[in-house]
Amino acid sequence: MLLFFTLGLLIHFVFFASIFDIYFTSPLVHGMTPQFTPLPPPARRLVLFVADGLRADTLYELDENGTSRAPFIRNIIMHEGSWGVSHTRVPTESRPGHVALIAGFYEDVSAVAKGWKENPVEFDSLFNESKYTWSWGSPDILPMFAKGASGDHVYTYSYDAKREDFGAQDATKLDTWVFDNVKDFFHHARNNQSLFSKISEEKIVFFLHLLGIDTNGHAHRPSSRDYKDNIKKVDDGVKEIVSMFNHFYGNDGKTTFIFTSDHGMTDWGSHGAGHPSETLTPLVTWGAGINYPQRVSAQQFDDSFLKEWRLENWKRLDVNQADIAPLMTSLIGVPFPLNSVGILPVDYLNNTDLFKAESMFTNAVQILEQFKVKMTQKKEVTLPFLFTPFKLLSDSKQFNILRKARSYIKHRKFDEVVSLCKELIHLALKGLSYYHTYDRFFLGINVVIGFVGWISYASLLIIKSHSNLIKGVSKEVKKPSHLLPCSFVAIGILVAFFLLIQACPWTYYVYGLLPVPIWYAVLREFQVIQDLVTSLLTYPLSHFVGYLLVFTLGIEVLVLSFFYRHMLTAGLTAFAVWPFLTRLWTRAKVTSLSWAFFSVLLAVFPLMPVVGRKPDISLVMGAGLLVLLLSLCVVTSLMKRKDSFRKEELLVHLLQVLSTVLSMYVVYSTQSSLLRKQGLPLMNQIISWATLASSLVVPLLSSLAVFQRLFSILLSLMSTYLLLSTGYEAVFPLVLSCLMFVWINIEQETLQQSGVCCKQKLTSIQFSYNTDITQFRQLYLDDIRRAFFLVFFLVTAFFGTGNIASINSFDLASVYCFLTVFSPFMMGALMMWKILIPFVLVMCAFEAVQLTTQLSSKSLFLIVLVISDIMALHFFFLVKDYGSWLDIGTSISHYVIVMSMTIFLVFLNGLAQLLTTKKLRLCGKPKSHFM
């Protein structure tokens, strides 16, 4: 069985990784020839301001007094330059956003997990193509464009990473540092002949990365005064830098300025997904080669922003984020980045029609080069009779479009050139997408076959080893045939040979060969399948169809809960009614009423707003007081039973109560310190980490009695959970744990009602690692309900705490008791543990359910895996890479969450067993505990 779970874990890792190989792989190809416009550019130098985390609406809108937060930028929009909205893509994180801006292509979704500091793949960029680039800003962003750049011409100046503190000093100082260092740089250049000559060259870039707005947004939210004041500080800083550039270069009119952002931010201070507040960023351009403002009487857009911003009369020119890279390259006359998929927004250019036509032609040829390389690569590794070319852009059509475009340029039909080149670009991009996703159907089919095979095998294993379903069916023992293994070996060899001659990546071998052993294992159990069919034929058809419909309805409710959290409320309400529809109500009225009460109470949480929208520390304090009150009641109750409560256990409970009090103090003290912008106190940080470290050890000191051990686990984990809470979610584990305790009791009642076993007192049952295997029973139909309850409670444990199936639902303020200096992976790990704490509580209760109902943990766990995998298969079919970026991001999140939950279940099952069955003693030798 251990081998089965190990293999199952590996298979699920493969299924988890498959989503990125099938839908989101790196779009980069290499081997293209650099392309640049053969006409003199309008600018000698370009200054790029990137205000990290700046939303378009917050910059463009007027404040409550009717004045702009960025008067200099607004003046540019009205009198000097062109403006619009830059539409970003998922994931809306700093690294992919800057790559799109500066290199002109969109990284695959998995890039968000590859880190910020270095390039996971080599790519070309505006900086690389420039003669010199100087950049100032965050140490998380600048190095990724310097590393890998050809030659030694990209210079970076960054502050210490410790400055990126969400809790300490005013974050606007990050931007002030950038502006001050740029000024010092130019002051130094006046006295340094070598540097002066470099910055007097043409084709140079100055990049100012401004992180203060993003930091203030995370720390205080975009609606805060800090965030909005930071915009004013940036506006003032940009004004000073522009004035300095004009003065330094003698107002030569050869400098282009571009002001934009890498991504936006949600109202609750996060980003990463596809909400419009994250994908809509500002773009303001002015200077050499840029069009002056265009007054218009009316504009047609799908939104109402123009009226809200009071910019209806100034022409708004929207672009995709990757379009900014070709705009910048054409302005200073450097080659287009080789991997750019941006389309030059010619409406931004103030130049001759010939220049616009030639630039657009260059843009089309550059993207067509990528299409040709991609097609050649795919053709070389595909068997000739299997290769299907992209029919909309044949070689003859490419030649005809390019020839016609050249002819139009010769005859000065420049508008026709632009429209023809745009048509060619759109066809080339479609072709790139076609070849990029060429193997998607093949890979998807293999994964689905593997998925279905795994679910089938797990189901057969349950039926064969853990149920009585086929026990009464007569079986003839047949000698194993050699035909089956030989057939599957032959199939495996054929698949491997097919992949080998096409020079496929090693991951293709995994996806192609994985279904072979899985289905071999399924068909080896042919006798079980045959007996199962025989057994099912004896069941009344109406009963079978009824059970199937109920099971399907349960699965669909779970799937729908990922889209609509209130489906969990409906499910929990149905759970509340369940005892009253059975004989449980007559046998155990108090237990049934308790079940109904806590089910309804828990059903309220999925209706609550998402965590982070409105933080309220008073609710966290209230949750802590409830924990203390519950602890007092429980300890008093246990002390009355002197026979089972020792001083050592009392000491453990007092230690946990003290830990809860300390957690409450740390939460309150940290919040007060951050509001005063004094940072995270060191003592608070030490207490927080110590509480976290001890939370998995202290429960092991408590009694192995079911109730006492579960209560000890709750107290320890609640201390940590309080430190990670910002609002009402702090109460959730308490309500969930109360329902779990009632669940343990009610499952005892249902088992006694069915006559399977006699009821034991919960106080007399103890957890034990060495459980007598003869006490285990076979599975019954009602055990499927128990497994479904577990999955439902696990899904509720995720969504009930205010999370949504999206990257942006996680609030960084949750980790401020542990650290405030930006550390994406450490912060991510802490937020992951916050999510897992309710999972651990449910799994520990599940251990008790298995113990009290005399079920093998393996048998019930197998049913849980089957239910989870059916859900995962649902979401695999629902993943998409088209439509709105909100839909794309959500579909990815759904699959990732449900697959992560399935994988984590294996680890959580082991952790729950460790927490419930292991016993440590403060002194002396540990005693053995048996049931």
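Every residue gets a Cβ built from N, Cα and C, even glycine.
Because TrEMBL annotations are produced automatically, they should be read as predictions rather than curated entries.
Marked as domain 'GPI ethanolamine phosphate transferase 1 C-terminal' by TrEMBL: 430-884.
Remote same-chain partners of the transmembrane segment (441-463), defined as residues 6 or more beyond its termini with a Cβ less than 8 Å from a stretch Cβ, comprise 4, 8, 11, 14-15, 18, 21-22, 469-470, 508, 511-512, 514-515, 518-519, 521-522, 525, 528-529, 532, 779, 859, 862-863, 865-866, 869-870, 872-873, 876. Annotation comment: TrEMBL describes 441-463 (among others) as transmembrane segment.
Look at TrEMBL and you will find 483-500 (among others) tagged as transmembrane segment. The list of residues near the transmembrane segment (483-500) in space but at least 6 beyond its ends in sequence, with Cβ under 8 angstroms from a Cβ of it, reads 508-509, 512-513, 516-517, 519-520, 523-524.
The transmembrane segment feature in TrEMBL is assigned to 544-564 (among others). Non-local neighbours of the transmembrane segment (544-564) in the same chain are 536, 570-571, 606, 781, 784, 788, 791-792, 795, 799, 805, 867, 870-871, 874-875, 894, 897-898; each lies 6+ residues outside the stretch with a CB under 8 Å from one of its CB atoms.
According to TrEMBL, the transmembrane segment annotation covers 570-586 (among others).
The feature transmembrane segment is assigned by TrEMBL to 593-611 (among others). Here the transmembrane segment (593-611) has Cβ contacts under 8 Å with residues 268, 561, 565-569, 572-573, 575-580, 726-729, 732, 735-736, 738-739, 742-743, 745-746, 796, 799-804, 809, 811, 814 of the same chain, all six or more residues outside its ends.
The transmembrane segment annotation in TrEMBL covers 617-638 (among others). Within its own chain, the transmembrane segment (617-638) is flanked in space by residues 644-645, 649-650, 653, 656-657, 660-661, 663-664, 667-668, 671, 708, 711, 715, 718, 722, 725-728, 730-731, 734, which lie at least six positions past its ends and keep a Cβ under 8 Å from the stretch.
Within the same chain, residues 167-168, 648, 652, 655-656, 659, 662-663, 666, 669-670, 673-674, 709, 712-713, 716-717, 719-720, 723, 816-820, 833, 911, 915, 918-922 sit at least 6 positions outside the transmembrane segment (680-701) and bring their C-beta atoms closer than 8 Å to a C-beta of that stretch. Residues or ranges marked as transmembrane segment in TrEMBL: 680-701 (among others).
According to TrEMBL, the feature transmembrane segment maps to 730-746 (among others).
The feature transmembrane segment is assigned by TrEMBL to 787-805 (among others).
Feature annotation from TrEMBL assigns transmembrane segment to 825-848 (among others).
According to TrEMBL, the transmembrane segment annotation covers 860-880 (among others).
Taken from TrEMBL, the feature transmembrane segment covers 892-912 (among others). Long-range Cβ contacts of the transmembrane segment (892-912) within its own chain (Cβ-Cβ under 8 Å, at least 6 residues beyond either end) map to 5, 8-9, 12-13, 15-16, 19, 23-24, 90, 109, 273, 562, 696, 794-795, 798, 805-807, 836, 839-840, 843-844, 846-847, 857, 861, 864-865, 868-869, 871-872, 875-876, 878-879.
Remote same-chain partners of the transmembrane segment (570-586), defined as residues 6 or more beyond its termini with a Cβ less than 8 Å from a stretch Cβ, comprise 557, 561, 592, 595-597, 599-600, 602-603, 606, 746, 749-750, 753, 789, 792, 796. Summed and averaged per residue, pLDDT over the domain 'GPI ethanolamine phosphate transferase 1 C-terminal' (430-884) gives 85.
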